[in-house]
Every structure is written in structure tokens, then in C-alpha cells.
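One structure is given here, and the rest of the page talks about it.
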Amino acid sequence: MSRPGHGGLMPVNGLGFPPQNVARVVVWEWLNEHSRWRPYTATVCHHIENVLKEDARGSVVLGQVDAQLVPYIIDLQSMHQFRQDTGTMRPVRRNFYDPSSAPGKGIVWEWENDGGAWTAYDMDICITIQNAYEKQHPWLDLSSLGFCYLIYFNSMSQMNRQTRRRRRLRRRLDLAYPLTVGSIPKSQSWPVGASSGQPCSCQQCLLVNSTRAASNAILASQRRKAPPAPPLPPPPPPGGPPGALAVRPSATFTGAALWAAPAAGPAEPAPPPGAPPRSPGAPGGARTPGQNNLNRPGPQRTTSVSARASIPPGVPALPVKNLNGTGPVHPALAGMTGILLCAAGLPVCLTRAPKPILHPPPVSKSDVKPVPGVPGVCRKTKKKHLKKSKNPEDVVRRYMQKVKNPPDEDCTICMERLVTASGYEGVLRHKGVRPELVGRLGRCGHMYHLLCLVAMYSNGNKDGSLQCPTCKAIYGEKTGTQPPGKMEFHLIPHSLPGFPDTQTIRIVYDIPTGIQGPEHPNPGKKFTARGFPRHCYLPNNEKGRKVLRLLITAWERRLIFTIGTSNTTGESDTVVWNEIHHKTEFGSNLTGHGYPDASYLDNVLAELTAQGVSEAAAKA
């Protein structure tokens with residue numbers, strides 16, 4: 001989010017470009033599955049910039065500078081990051097910041113997660129923290145950025161304003177991000193084919209740009225009347241709220257100052273910075289019965305009913321959320337006008353959004369029925385039995401046809417020409433695979449060095465399947481690294497929103513904690529399983545039952561979950577979803593994980609197909 005003065009995003013002209021001949025720091029970012037832009041490290045950004053100078057439409061092999069990013073490639077022409085072993089594609093972007101800001105100085109702010117690992121804040125939040133640190137503010141309130149956290153510089157800690165839990169904070173010096181001067185060709189900032197006359201108008205960019213504008217307005221307003229810094233709040237009493245972070249079901253927009261006083265009591269929980277985005281909200285002060293949780297200066301808060309009755313003529317009543325989730329405006333944008341008007345000192349009455357309905361009414365055992373056309377009500381997966389590993393060369397040769405006279409094109413894995421030796425020559429040696437050999441994949445026809453495909457396969461799950469890095473076509477049966485667990489499914493006599501005359505398929509996933517196997521990130525180390533059993537819902541119609549059958553197949557292939565780092569809590573070595581989205585909100589769609597959602601069934605079928613799970617693949 002841009003900030004007044006130094007440290008914010010560089011100003012742009014009408015076409016969305018930085019002004020010419022102005023120095024700025026370049027930060028490359030990728031969009032995670034929760035629509036948060038996460039920055040690459042400075043080292044990776046320098047590497048991307050170097051490749052960009054040579055070929056603005058080329059590809060960047062991230063593993064050349066970071067061993068943890070070996071599977072990843074960035075295609076500069078389409079502005080997407082591609083993961084070779086899973087086929088996952090994510091948008092990337094190139095952002096510009098003032099050279100005097102945190103990335104320009106190589107300053108990184110991080111918070112400590114439950115596993116003791118350090119997680120970097122999003123770049124906009126990092127810049128805000130650094131600005132406050134440089135101005136010698138004793139503390140910083142992140143409410144205006146959508147997070148109910150207080151940063152205390154004296155103790156270098158972050159405190160949750162509801163649970164009072166503290167986490168350690170650190171400021172680390174790293175390599176400064178790359179500096180650039182001059183105008184930027186459009187192909188470096190947007191995918192080829194983007195509109196040439198206007199900046200991007202997708203919902204995500206609208207949300208980001210509006211949030212930046214709102215933050216500027218809030219800060220400008222509060223600079224005129226900065227409140228005194230309060231004392232540190234008392235430590236939480238013994239036996240207080242647990243430290244686990246709860247997902248915030250709804251958020252309240254606020255015009256509170258960035259330096260506003262800490263709340264006197266607990267409010268609703270919100271995720272830590274860097275967690276999945278929800279509607280930006282700020283926690284309120286001590287909540288009392290019948291009061292709306294609006295943490296902003298002004299008239300005394302009243303109940304929503306009396307507030308509506310007392311709204312004077314001409315004062316807009318703005319919902320905190322787009323409650324129905326309909327229309328061209330993203331739900332998170334529905335209250336943005338309220339923030340801007342409130343920051344400008346105009347009268348605004350905000351109404352509270354309802355809480356999501358996560359679960360159906362209680363159902364007796366006699367009302368639970370099997371799903372028609374789907375045998376059984378349960379599937380279990382056990383610990384993966386270690387089989388003799390398939391020889392990587394044999395797997396690659398099974399799906400490849402040798403090419404005697406390859407074209408003078410790039411191999412998109414190593415970025416060397418196909419007419420020359422593989423970039424893995426001297427790095428990887430496999431008996432019988434010469435570095436100059438080139439092959440063509442049978443179905444899709446894309447060509448690569450055989451040694452490059454062997455390297456890609458060896459870096460993946462090594463399950464006997466191969467995935468084309470270009471078109472994501474899967475050869476063989478792809479399997480995952482899901483831990484052992486149980487999947488149950490049955491009918492319940494309740495309807496989902498949007499399916500009034502249809503019963504509901506309920507899926508219950510349950511995975512216990514355990515020890516990681518050789519296919520997991522840290523073999524021999526314990527992994528956690530938070531939030532289980534997890535309940536998910538489908539309509540009991542033809543397409544819903546089709547999705548269920550394919551989800552069962554995906555479960556048996558261990559593709560539904562994996563072990564990694566939670567984007568919600570930052571916890572590492574924990575069970576997380578694996579690119580196949582589920583609906584976990586039964587009676588509403590306030591979190592984006594519920595109904596009505598007319599495109600969900602088609603979207604999840606496409607996600608399953610991308611994992612190699614489809615009816616066509618089953619018949620093949």
C-alpha cells in the first residue's frame with residue numbers, strides 16, 4: 001500500500017507506468033492461492049532483472065539462484081510462474097518502490113511462526129513498519145492495513161489485539177533489491193496482449209489500488225491530528241485466550257489512525273500479516289452487548305437497528321461487505337467508499353456484516369444416507385509403502401520419442417538451445433542419457449533435452465508419471481504426498497444456497513498428526529494436522545456426484561492434501577490443501593468458500609483435470 005513521503009510505491013503516469021528517468025527499486029512478486037502478493041527475495045529479483053535485460057520475452061529458471069526454487073520457472077511473456085513438478089501456474093508482477101524504502105536498503109522485517117521459522121511480511125507492510133521504525137515511533141498499529149496487530153519496537157514483538165498473544169519480531173539486513181532508471185516497456189509489466197490504453201481493471205488490481213488510495217487518505221487525515229502514544233498494554237493473565245490464531249469470519253472497515261491507541265479489551269481475531277486476504281478490517285475496542293464493533297473516533301456506537309433509525313437524510317449507509325457477493329464489484333471492495341469518505345471527515349454510517357454459516361443444522365444418524373451411484377461411505381489411505389524406485393531414465397523414455405534433428409529453439413527447462421547440450425551437462429549424469437539428446441513428448445509434441453526431463457522427474461514425486469512443463473499434460477498416473485487419513489461422504493437432508501430443492505453431499509476429511517515420510521519436506525520430523533475433521537459440501541445433483549467421484553479418486557491418489565507451510569498461520573510442517581478447492585461454508589458465501597457460487601463445480605472439475613483426475617483419463 002503506498003504511503004505518503006518516502007517508502008511507498010513510485011507514482012505512475014496515466015498509463016500505469018513509472019515516470020521516465022526516475023530511479024526506483026524493483027520488487028518481483030507472485031500471487032498465492034489466497035490472492036496475496038508475496039515478494040521474491042532480493043537475490044531472485046536480481047536474477048530476474050538480469051534475464052529481463054537479455055530477453056524481455058524469455059523465461060527465468062529460479063533454481064539457478066535459489067535451491068528451494070528448483071521446480072519454478074517464470075515466463076516473462078505471459079507473466080506467470082510455472083511449477084514444473086505439479087503444473088501449477090501463478091501470476092507474477094513487477095512493482096516499483098522508492099530507493100529510500102525498505103527494499104532499497106535491503107531491510108527485511110519478519111515474524112516468528114509457531115514452528116520457530118521466520119516469515120517475511122508482505123512488502124507493503126514491511127515498508128510501513130520500516131517507516132515507523134525510522135521515525136522512532138515506539139509502536140505501530142496495523143489496523144488500518146487490515147490486521148489487528150500491534151508492533152512494539154522496544155521489545156521487538158508483534159501482539160494480537162484479541163488474544164494478547166505475542167510473537168517475536170526481527171529486522172534483518174539483506175541484499176538490496178535491484179535499482180532501475182528509465183521507462184519500462186509494457187511487456188515487462190503486463191502479459192502480452194493486455195490492453196494498451198488503460199491500467200489493469202481486474203478485481204485483484206482494483207482491490208490493491210483502492211486499498212492503497214484508502215491508506216493514503218487515512219494517513220493524510222491522521223497526520224493533522226496525531227494522538228499521543230499510549231503505554232504498553234498489560235501482559236495477558238495466566239490461563240488467558242489460547243495462542244492459536246482463529247480465522248476471522250467477518251471484518252469491519254475503519255477509519256482508525258495508523259497510530260491509534262490499542263484497544264482496552266479483546267476483539268475479533270484476524271490473520272497475521274502475510275496471511276490469506278480477507279476484507280481489510282480493524283479490531284475495535286472492548287466490545288459490549290448491543291454495540292457495533294466500529295473502532296473509529298466519532299459518535300458513540302449503537303446497535304445496528306438504532307443506528308439505521310438515527311441515520312440523518314443524505315448520510316449513506318454503507319455495508320461492510322457485499323453481502324450477496326454478486327455484481328461486478330469484489331465483496332472486499334464494497335466498503336472501500338466508506339473508508340475514503342470517513343478518512344475525509346464526511347459522515348458515514350457503517351453496518352455490520354453477518355457471520356458466515358459454516359455448518360448445517362444438526363442431523364441425526366437416521367437421516368444420513370449414502371450418496372446414490374457412489375459405492376460405500378468411506379475411503380481410507382494408509383502409509384505409503386515404499387516401492388522400488390522407477391529408474392528416471394526409463395520413465396522419461398517411456399513417454400518420449402527421440403528427435404534426430406531438433407529445431408533451433410530454447411529448451412524451456414534449462415533455457416539452452418535444443419541444438420546444443422543440456423544446461424544440466426556436468427551437473428547431472430545419468431547412464432545412457434547424453435546431454436545433447438532431444439526428445440518429443442508423445443501426445444503434446446513439446447520437445448526437451450532428455451537430461452532436462454530426467455532432472456525434472458528426479459526433483460518431483462518420482463511416482464512414474466511425467467508432466468509437460470509447457471502445456472501441463474500428464475503422462476501416466478500422477479500421485480501426491482498426502483498423509484494417511486480417512487474420507488467420509490454421505491447425504492444430509494438440507495439444501496445449499498442456490499440449490500433449493502436438492503439435498504447436500506457432506507464430505508468429512510480427517511487426518512491425524514504423524515511423522516513425515518521420505519516423500520515429505522522433512523523426513524522423520526513430526527507434522528501437525530490443524531482443523532480436522534474438515535467438513536466440505538457439494539449439491540446432490542449429477543455434476544455434484546461427478547465431482548465427488550473424482551474427489552474420491554484424487555483422495556486415493558493422495559492429491560487432496562500435502563505437507564507444507566500454512567498460508568494462514570505461517571506454521572510449517574503442517575497439513576495444507578493441495579490446489580483443489582473445497583467449499584467449507586455451508587449456508588452462506590461470506591468467506592468465498594461457500595454457496596451460491598455458480599462456477600464452482602466447473603472450476604473444481606478443471607482443477608481436478610489439471611491434476612490428471614478426470615472421467616476421460618479414467619477411461620483411457
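For all residues, glycine too, the Cβ spot is worked out from N, Cα and C.
From the options 82-112, 361-391, the stretch Swiss-Prot describes as region 'Disordered' is 361-391.
Between the listed ranges 221-248, 501-528, Swiss-Prot ties the annotation region 'Disordered' to 221-248. For the domain 'WWE 1' (14-94), DSSP puts the residue distribution at 19 helix, 28 strand, 34 coil.
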